[in-house]
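To start, the structure under review is shown below, and the notes come after it.
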Amino acid sequence: MIIQKVIIYDYGGWCRRDGGGKGDGGKVDSGRWVVVAVRNVVVEKEKGNNVMAKENLKVLNALDVAKTQWYHFTAIVIAGMGFFTDAYDLFCISLVTKLLGRIYYHNAGDKNPGSLPPNVSAAVNGVAFCGTLAGQLFFGWLGDKMGRKKVYGMTLMLMVICSIASGLSFSDEPTAVMATLCFFRFWLGFGIGGDYPLSATIMSEYANKKTRGAFIAAVFAMQGFGILTGGMVACIISAAFKSSFPAPAYEDDPLRSTVPQADYVWRIILMFGSIPALMTYYWRMKMPETARYTALVAKNAKQAAADMSKVLQVDLEAEPEKLQEKSPNSFGLFSKQFAKRHGLHLLGTTTTWFLLDIAFYSQNLFQKDIFTAIGWIPAAKTMNAIQEVFKISRAQTLIALCSTVPGYWFTVAFIDRIGRFKIQLMGFFFMTVFMFALAIPYHHWTQKENRIGFVVMYALTFFFANFGPNATTFVVPAEIFPARLRSTCHGISAASGKAGAIIGAFGFLYAAQSQDKTKTDKGYPPGIGVKNSLIVLGVVNCLGMLFTFLVPESNGKSLEEMSRENEGEDEEGMEMESERTHENRSVPI
C-alpha cells in the first residue's frame, strides 16, 4: 500500500484528512500508525490557524469595515459620560480648595484669608489620583478576566455614589471634614480609574478601523466638556450665592467675608458631577459585550456574531460556537513573547503618559495659583470667599472654552488623517516651546500690560496638550495590544500617567512656591518659583517627545493587525510546538 500524504487542518476541535496520490513515498502494512512529518504538521497547523482566524472572525471583519452608524454615536455618549464625570470630579476640586481654606482654616488676626495647610492641600488634591491609579490597575485587569460589560457598571455606580458622598462630608470640624472628603475622593478616584481602560477598550473594539481613532478620541474629548462644565457650574452657583448673600472683602471684615452659606457652595459643586453619569447607567448596562472579547477571549464566536448582528443591524453568518481553547498567541503579560513583541510598545505608552501627566495636571490643578501670581486673579484679601470662587472658576472656564475643548476636538477631526504618532510628537514639541517661551522671559509676562499675552501663551500649551499627547496617550494603548491583555495594558499605561499626575499635583504644590521665604503661602517652605517650575515642565515635555518614538502608528490598521493576534508564535515557540507534534501527533491510515 502506498503511504498517503496526510494533511491536518486544525480547526480547534475537529480535523480533516486529505489523502495524497500515488508516488508519495514508501510502503507500510495496512492499519499501521504513522507520524505525520513534523514540517508538514507545523506548516499546515499554522495554515489552519490562519484559515480559522479568517473564517471564524467574520464578525470582527464586519466591525472593521462597518459604516459609521447610530450605535457608534450612542457608544461615544455612553462611554463619554463617564469621562465627563471623571474630568468634572478630578478638576472641580481645584475650584474650591481656596474656599475650604477660608471656611475651615481661618485664623483671626491674619492679614490673608485662611488656606489649607500643605499636607491637607496635598491630600485633598492628590488622594483622588491615588485612587485612580489603583482603580486603573485593578479594573484594567478585571476587564480582561470578567469581560468589559460586567465591570463597566460597577465603575459608574462607584463614581456616582462617591461623588455624592464627597459633598456630604460630615461634621463642621476641619479634621473630620477633610478626612471624610479624602476618604470618599479616594474611592471616587478608584471608580474613575476603572473607567479609563474600560471606556477606551470598549470603544476601540466597537469602532471600525477607518474612524476608530476619532471615536476613541471623542470619548476622551468629553473630558474637556467635564472641565468646562465644572467651571460653568461653579460660576453659576457662586454667582447665585454671591447675589443672595452679599459679603464684604476680607481686608474690610475678615470674619463676615465668609458667610455661613458658603459651606453649601463647595458641596453642591462636588455633587453635581454625579448627575450626567447617573443618567447613562441604564444605557451602559444595556450595551452588549464587545465582539472581540467574546470571540477572542471568551472563545464564543457564535455569541459574538449574534450580539453584533443586533448592533450592526445586519445578518451575520452563524459561526463555530467555540474557538480553539489554546491559540498560538496565548502568552501572558510577563512572558518572553510579550516582552519581545510588545515590551517596547508598553514602555512607550507608559513613559509618554507619565511625562505628559506631570505637566498636564500640574498646569490644570494649579492654574489658579499661576493666574494669581501674574495678577490675572486679584489678591485673595481683596475679595470675599464666594467672590474668589467665582473669579477662579471664570478663569478656568475661559481657558477650557478657548483652548482645552477645541484641542480635544481638533484631535478628533485629524487623528485618522494625520495619525497618532505625528499628533503626539507635534503636541509635545509645541508644549515644550510654549513652556520655555513662558518661563525664560517670565518677568516680562508678570508686567501688567503683558498679562493677556501670558494667558494666551498658557492657553496654547493646553491646546497642544489636548491636540496632542493628552488624547493620543489614551487612544494608542487601546489599539496595539492583544484583546486578552488590552484592558490590562491600557490600565498599566493609564496608571503610569496617574503616577505622573501625583508627582505634578504634589511636586508643583511645593516647587511653585516663591524662593523668598516672606512670599510663600502659609505653611510652605520656599520652592523654586513659578519660573523655574515652568522650565522643569518644559524639560519634561521634551522628554515626552523623545519617548514618543517608542510608540507605533496604528492609523488605518485593524486591532488584530496591530496586536498581531492572527500570527503564529515566534521561531522559538514554533520549534517547541514542532517537538510536541513530532512526539504526540499521529493518524491512522
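Cβ atoms are placed via backbone N, Cα and C, with glycine included.
Feature annotations, reproduced from TrEMBL:
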COMPBIAS  567-576  compositional bias 'Acidic residues'
COMPBIAS  577-589  compositional bias 'Basic and acidic residues'
DOMAIN    75-556  domain 'Major facilitator superfamily (MFS) profile'
REGION    557-589  region 'Disordered'
TRANSMEM  73-100  transmembrane segment
TRANSMEM  120-139  transmembrane segment
TRANSMEM  151-170  transmembrane segment
TRANSMEM  176-193  transmembrane segment
TRANSMEM  214-241  transmembrane segment
TRANSMEM  264-283  transmembrane segment
TRANSMEM  397-415  transmembrane segment
TRANSMEM  421-440  transmembrane segment
TRANSMEM  452-471  transmembrane segment
TRANSMEM  491-512  transmembrane segment
TRANSMEM  533-552  transmembrane segment
Within-chain partners of the transmembrane segment (73-100) [C-beta distance under 8 Å, separation at least 6 from its ends]: 113, 115-116, 121, 124-125, 128-129, 132, 155-156, 159-160, 163, 166, 178, 185, 188-189, 192, 195-196, 199, 202-203, 206, 215, 218-227, 229-231, 233-234, 262, 265-266, 269-270, 272-274, 276-277, 279-280, 283-284, 287, 364-368, 380, 385-386, 388-389, 392-393, 396
For the transmembrane segment (264-283), distant same-chain residues with Cβ under 8 A (at least six beyond the ends): 74, 77-78, 81-82, 84-85, 88-89, 92-93, 95-96, 99-100, 103, 153, 156-157, 159-161, 163-164, 166-169, 226, 230, 233-234, 237-238, 241, 386, 389
Selection from 120-139, 421-440, 491-512, the stretch that has most Cβ pairs under 8 A to the transmembrane segment (533-552): 421-440
Chain residues in Cβ proximity to the transmembrane segment (421-440) (below 8 Å; excluding those fewer than six residues from its ends, i.e. six or more beyond): 352, 356, 359, 411, 414-415, 454, 457-458, 460-461, 464-473, 476, 531-532, 534-535, 537-538, 541-542, 544-545, 548, 551-553
Within-chain partners of the transmembrane segment (151-170) [C-beta distance under 8 Å, separation at least 6 from its ends]: 82, 85-86, 89, 135, 139, 142-143, 176-178, 180-181, 184-185, 187-188, 190-192, 194-195, 198, 202, 266-271, 273-274, 277-278, 280-281, 284-285, 287
